[in-house]
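These notes concern the structure reproduced below.
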Amino acid sequence: MPPSASTLQVALPVPLPRVFDYRPPADLVAGEDAIGRRVRVPFGPRELCGVVAGVGAPHVEPKPVDAPELRHALALLDEAPLFHGELLESLRWLARYTHAPLGEVFATALPAALRHGEPLPDTHAWAWTLTPEGSREVERLRKGTRPRRLAELLQAGPRDEDALDLLLEDWRSAARALAKRGLAERVAVPASRIAPEPQAGPELNAEQQAAVETIVAADGFAPVLLEGVTGSGKTEVYLRAIADCLARGKQALVLVPEIGLTPQTLARFRARLGVPVHALHSGLNDNARARTWAAAWRGEARVIVGTRSAVFTPLPDAGLIVVDEEHDASYKQQDGIRYHARDFALVRGKALGVPVLLGSATPSLESLHNAQSGRYTHLRLSKRAGEAKPPAVRVVDVRKRPLQAGLSPETLQAIDHALHVGGQVLVFKNRRGYAPALLCHDCGWSAHCKRCDATMTVHAGGRRLQCHHCGHRQPAPLACPDCGGLALQPQGIGTERLEEMLAEKFAAFPVVRVDRGTTQRKDAMERHLDALGDAPGILVGTQILAKGHDLPHLTLVVVVGVDEGLFSADFRAGEKLAQQLIQVAGRAGRAEKAGEVWLQTHHPEHALLQTLIHGGYPAFAANELAMREAAGFPPFAHLALLRAEAQHVEAAQAFLLAAKAQIPLGPPFAKGEAIAASAVRNATGISPPLKKGGPGGFVSEVELHGPMPAPMPRRAGFQRMQLLLSSPNRRTLHAALDAWVPALHELPEARKVRWSLDVDPVDLY
Ligand code: ADP
Ligand code: ZN
Ligand code: ZN
C-alpha cells in the first residue's frame, strides 16, 4: 500500500480564501481523524503551522501530466485534534460569517504559543517522590541537611512543587541532589483542584432569585438578557448560575471587558466558587495562556474568566456562558479577524446547547431589540442590591461660568465639600494627556500629526506632543514653527491638566490619576487605588475608571465635558455617550454612603441628557431605537464595511471602485428616496437602506455607499477610503457578500492596497 493514501486540506494563516492540499507526512496514513490537528507544512520557501481542515480523496498515482506535484506535509503536531466537534464547526461558521480565510480564523482562535506550533502544554502539576531505594536510605542521609529534611517530608508521600515551596526553602537543589543519587524523582500528578472553601454570598432579593431560577431552569440554548442597574447584583446572579453549573459537573465561561478583569473581580470569583478559576487576558504570558487553553481543552479548567479572545476557549463540558457588560466595545476585535465576542458567544451557546447570559446596566441596542422582539428572554434587576441608593444626578450649566481646567466654581465647591465630609471624588474626563491640542495664539497654527489627519495631544505638562492615533511622539516646540512667536497655548482639557489643577487646589488631599498613561503595567490600577485607601481623596481618570474596581467610598462623581459626544456624526455616538454616563454615574454611592453625580455641560437642554436624566437608560434606549428604525440604521439594518488603505489615495479609490463594479446591483433608489437618503447620509455618513425591493432582484435590497474617505482620511501615513454595504435583511447582505468577497481577492487593484472587510462594524472609521 502506498504510504500517502489521501490528501490533507490544510488551513493556513495566510490572507487567501482557500485551503491548501498536501500529502500527509511521509510515514503516515491520514484519515478523518487528522481533521483539527495542527500540521507543519512547507509554503513557498517558508514553513508554516496550519490546521487540517479536511481530508481529500486518495492521491492519484500516476498524477495527470501537468498537475503540480503535491508537497508532503512535514509533520502532524498533535496526537488528538485541538479543534473538533462544536468548536470546529463554530469556527467554520465564523470564517463564513466574517468572510475571512479559515486558516486565519483558526490562528486567531489559538493562543500564540499553539499558533506557532508549540506542543500542547502539560497541565498537570509536578510533584516529587522518593524512589524505593530512597525510602530505604532516608535514615542514612546526614541529619539536619536539606536533602535529609526533604526526604523526610517525602516519606509521607509525593508532594507537589507548590507545596514544597511553602515547606522548605531552596528545596530544589536538595531535590536535584537526591535525584542524582537515584533517591528521589519528579513525577506528574493531576493539576491541583484545591481551592478555598466557597464563601456564602448574600441572600438574593426577589428579582435576583427569579433571574437565577430562569437561567438554571433553561434546558439547552437560551439567550438571556439580564438588564440590571449598576450595583443591582448582576455579578451575584452570575455566581449563583455558575455554582449551579459546577454542581451539574459542567464548565462555565465568563467573558468580561478588557478593563473589567481586575484582580478584585477574580478574587471575588475565586472566593465564592470553591474551584480554581482560570483567567485569560492579555496581561498573561504566552505559556500561561496556552496552559489555560489546554486545561480547558482537557476539561480540567471548570471556570474560565477572560477577555475577548477567551470566547475561543474549548468547552468539552460546557454548561453556561456569561457575557458581562455585553454592550462593551472591547468585545469587537478591530483588526485581523473582526469578530464580536458577544455575538460569537451566542453562536457557540447555540451549538453547545447551553444558556448564554448577557448582563449589562446599559445593554446594546442590538441586544435590547432582540429582547423586545422576543428572541431573548429579558430579565431585569431594577433596584440596587443591599442598602445602596441610586445616586442623585445634577446637570450643571457651565455657560458663561468662569472655568478652571474645565471645572465651574460650583463644581469645585461640591468637590471641596465632599472631601471635607470624608468622601472620595471621581472626576471623569474621557481625554488623556494634558490638552487635546497645542495652538499658537499669534497666528493660529496648531500642532498636527505628520502622518495622520489629527491634532497632536499635549502631554507631560506641555513638554511633549503625542498622536493618539499612530503613537508618534515629539518634543513640543518652544516657538511657533510658522510665525516664530512664543504664544503657544495648550487648548482644551485632558486628565493630566485636571490632575495638575486639582492637586494644587486641594493640596491637603491625595489626587490620583488613572488612565492608560498611568496604567501601562497590569497591576498599576490596583496600586493607584490602594494608595488612596479609604481616606478622602480625588481620582481623575478616563473611562478606564468606569467599571471594574469597586470604590465603596466614592460619594461624588463629576463628569467634565460631555459635549463632544452630543454632536458627533457617528450614529452610535449617542448610545456610547449614554452608556458611558450611566456607567460612570453608577460608580457613585455603591455602598452605604449616598452618592451624587454632577454633569457639566454647555447644553443642559439637550434631548439626550434630558431623556437620560428623567427616564434613565430605558427611556433613552426606546427613543434611540425608534430613531434608528426610522432612519434604517442598525439594529434595523445590517452593515458591512470594506476598508482600503494605501500610500496614495488613488490606489485605495481604484480598488474600491473595482470592488464596487463587481456587485451586480440594480439602481437602488427611486429619485425622491435618493434625495431623502442623501440628507441622512450627509448627517451621518451612512445611507439608509431601501425599504422595498427595487428593480434588480435581491441585490437591490443591498444599498451601497461610497467609495468615500474614512472619517479620518489619513492615519499613520496611509490614505484611507471605505465602501459601505447596508441591507435591512441579514441573509440578503450575506448572500451578496458570499458572491462578492472571493472576487475581491482576484482584483489586480487589490495588490496595491491593504484592504479588509468588517461585517457588523461597530465603528465606521
Ligand atoms: P453589579 O454586578 O450589578 O454591578 P454586584 O453583583 O457587584 O452588582 O453587587 C453590588 C454590590 O451589592 C456588591 O457589593 C454585592 O456584594 C452586593 N450585593 C449583591 N446582591 C446582594 C444582595 N442580594 N444583598 C446584599 N448585598 C448584595
Ligand atoms: Zn504662530
Ligand atoms: Zn499620527
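One is the number of the first residue shown, and numbering goes on along the chain from there.
Just so you know, glycine gets a Cβ as well, placed from its N, Cα and C.
Not measured: the values here are computed from a predicted model.
Summarising the annotation, TrEMBL assigns domain 'Helicase ATP-binding' to 215-381.
DSSP assigns C440 (Zn(2+) 1 binding site) to a strand. The Zn(2+) 1 binding site feature in TrEMBL is assigned to C440, C443, C480, C483.
The 10 Å shell around the Cβ of C467 (Zn(2+) 2 binding site) contains 21 further Cβ atoms across the protein chains shown. According to DSSP, C467 (Zn(2+) 2 binding site) sits in a coil region rather than a helix or strand. Residues or ranges marked as Zn(2+) 2 binding site in TrEMBL: C449, C452, C467, C470.
Of the listed binding-site residues C443, C452, C470, the Cβ environment within 10 Å is emptiest of other Cβ atoms at C443.
Highlighted in sequence order, H441, D442, G444, W445, P481, D482, G484, G485, A487, L488 have their Cβ within 8 Å of the centre of the Cβ atoms of C440, C443, C480, C483, the residues recorded for Zn(2+) 1, and are not part of that set. When the alpha carbons of C470 (Zn(2+) 2 binding site) and C483 (Zn(2+) 1 binding site) are compared, the span between them is 27 angstrom. Classification of C449 (Zn(2+) 2 binding site) by DSSP places it in coil, neither helical nor stranded. Calculated from their C-alpha atoms, the gap between C449 (Zn(2+) 2 binding site) and C443 (Zn(2+) 1 binding site) amounts to 18 Å. In the vicinity of ligand 3, defined as a Cβ distance under 6 Å, the following of the binding-site residues C440, C443, C470, C480, C483 are placed: C470. The binding-site residues considered are C440, C449, C480, C483; of these, C483 has the fewest other C-beta atoms within 10 angstroms of its C-beta.
Ranked by Cα separation from C452 (Zn(2+) 2 binding site), the binding-site residues C443, C480, C483 are led by C480. When the binding-site residues C440, C443, C452 are checked against ligand 2, C440, C443 have a Cβ within less than 6 Å of one of its atoms.
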